[in-house]
């Protein structure tokens, strides 16, 4: 697969209160075609929404793909690149032998990542990066829909 065959997924999570109502957004771009995904949860955390955005973006791919996943979440980046291998070795426990927070979502993300060839890119949030800004708007749409459903 050449770089032009790569799917780029921009992800973001949002939470109004932490915990509180939250939303996630993902923008998938493939050969100039865009697909927008979003959703929310009435009681969640920003970290869970960041993870959900990445999971939803990867689940939306119907076959194994070459993926560049772009996030502004240091939590997701450090988790996937540094912490995850050790958590798995320790049976989903931290270095201090505590259960991993959000283990359900980390396990699902790990499962989805293993279906694809994924490279990860961190971008600073709220700096005008078009894909990240759009993912942020989608995440906030998820929050708004959860709040209006109450």
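Placed from the backbone N, Cα and C atoms, the Cβ positions cover glycine too.
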**Range among 97-123, 124-150 that Swiss-Prot annotates as region 'Disordered'** = 124-150
**Message:** Given a 10 Å Cβ-Cβ cut-off, pick out the one of the binding-site residues 50, 72, 136 that has the most other Cβ atoms nearby.
**Reply:** 50
**Message:** Cβ within 8 angstroms of the Cβ centroid of 12, 50, 72: which residues besides those meet this for the Mg(2+) 1 site?
**Reply:** 11, 13, 49, 53, 71, 73, 76, 125, 132, 135, 136, 139
**Integer Cα-Cα distance in angstrom, residue 136 (Mg(2+) 2 binding site) to residue 12 (Mg(2+) 1 binding site)** = 5
**Request:** Work out, from DSSP, the number of helix, strand and coil residues along the compositional bias 'Basic and acidic residues' (131-150).
**Result:** 18 helix, 0 strand, 2 coil
